[in-house]
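Engineer: Have a look at this one.
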Amino acid sequence: MSEQLDYTKLIEQSDYQKKMAAEKSVELIEDGMIIGLGSGSTVYWMLKRLGERVKEGLVVKGIPSSKRTAGWADEFGIPLTGFHEAMQLDLAIDGADEIDGDLNLIKGGGGSLVREKIVNAAANRLIIIADKSKMVSHLGESALPVEVLPFGWEITAKHISQLGCVTTLRKKKKEVFISDNGNYILDCQFDHIADPKSLHESLKLLVGVVETGLFIGMTEQVIIGENETIKIIYS
Ligand SMILES: O=C(CO)[C@H](O)[C@H](O)COP(=O)(O)O
């Protein structure tokens with residue numbers, strides 16, 4: 001019974017930290033900006049707060065990095081646009097699964113890594129929001145998501161595993177998970193990612209690989225919710 005209670009408390013605590021970091025990030029949004037809208041549960045809180053500011057009169061447009069984010073933005077009244085209207089974004093705000101000391105990231109836990117990378121790369125500044133559990137000394141504690149074409153995914157998985165990992169085809173409710181782009185995700189568990197940049201480059205050379213969840217040298221600032229406080233880390 002007490003174990004059950006502790007577990008519930010932990011969930012609530014990490015959610016609270018995500019909300020604090022997310023709300024802090026919305027302070028960086030100014031009138032007239034085009035914003036890259038990331039994906040995930042931390043971004044949910046950012047969208048909720050941004051929606052409140054839009055209702056108060058803030059004029060912004062967002063480019064969503066997933067269908068789910070587009071749905072939430074709609075729900076909160078945040079106007080959306082696309083790259084046909086804006087090729088350069090003022091700011092992107094996104095979550096992460098792991099963040100190392102150089103602010104390199106693993107992303108794609110929610111399966112939106114390709115669109116997230118396109119949106120984040122088009123932004124002048126990338127702000128990452130997270131709870132403190134996401135900070136790691138080295139990337140690779142959790143599996144690295146890699147989006148691959150469905151055709152021949154088995155052979156792509158074999159080539160990826162030859163780089164020194166165990167690959168698992170992502171499933172959701174026993175069905176193969178399909179990304180917003182109609183592709184598969186391979187979750188690749190390495191012992192330790194010693195050199196994230198060269199791993200990313202090696203993966204990108206493999207036919208069938210669409211994109212990796214390694215986001216190297218893109219982050220300007222990380223906002224971490226830590227218990228009752230906020231920690232900001234600059235690159
Ligand atoms: O990369 C992502 C989705 O593809 C998310 O940003 C990442 O998984 C973090 O999610 P959460 O905020 O729910 O912890």
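Think of each number as a place in line: the chain as shown, counted from 1.
Placed from the backbone N, Cα and C atoms, the Cβ positions cover glycine too.
Straight out of TrEMBL:
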type     : residues                                                                                       : note
BINDING  : Ser39, Gly40, Ser41, Thr42, Asp94, Gly95, Ala96, Asp97, Lys107, Gly108, Gly109, Gly110, Lys134 : substrate binding site
ACT_SITE : Glu116                                                                                         : active site, proton acceptor
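In terms of burial and nearby residues, how do these features look in this structure?
Structural biologist: The 10 Å shell around the Cβ of Lys134 (substrate binding site) contains 25 further Cβ atoms across the protein chains shown.
Sequence-distant contacts of Glu116 (active site, proton acceptor), defined by Cβ-Cβ distance under 8 angstroms and a gap of at least six in the same chain, are Gly38, Ser39, Ser65, Ser66, Asp94, Lys107, Gly108, Phe215.
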Engineer: List those of the binding-site residues Ser41, Gly109, Lys134 whose Cβ lies under 6 Å from any atom of ligand 1, in sequence order, or write none if there are none.
Structural biologist: Ser41, Gly109
Engineer: Mind telling me which of the binding-site residues Ser39, Ser41 has the densest Cβ neighbourhood, counting other Cβ atoms within 10 Å?
Structural biologist: Ser39
Engineer: Among the binding-site residues Asp94, Ala96, Lys107, Gly109, which residue has the largest number of other Cβ atoms within 10 Å of its own Cβ?
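Structural biologist: Comparing the binding-site residues Asp94, Ala96, Lys107, Gly109, the most crowded Cβ belongs to Asp94.
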Engineer: Specify all same-chain residues, apart from the site residues Ser39, Gly40, Ser41, Thr42, Asp94, Gly95, Ala96, Asp97, Lys107, Gly108, Gly109, Gly110, Lys134, whose Cβ lies within 8 angstroms of the center of the Cβ atoms of the substrate site, ordered by sequence.
Structural biologist: Gly38, Val43, Glu116, Ala130
Engineer: Need one number for the substrate-binding residues Ser39, Gly40, Ser41, Thr42, Asp94, Gly95, Ala96, Asp97, Lys107, Gly108, Gly109, Gly110, Lys134: the maximum pairwise CA distance in Å, whole number please.
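Structural biologist: Max Cα-Cα spread across the substrate binders: 15 Å.
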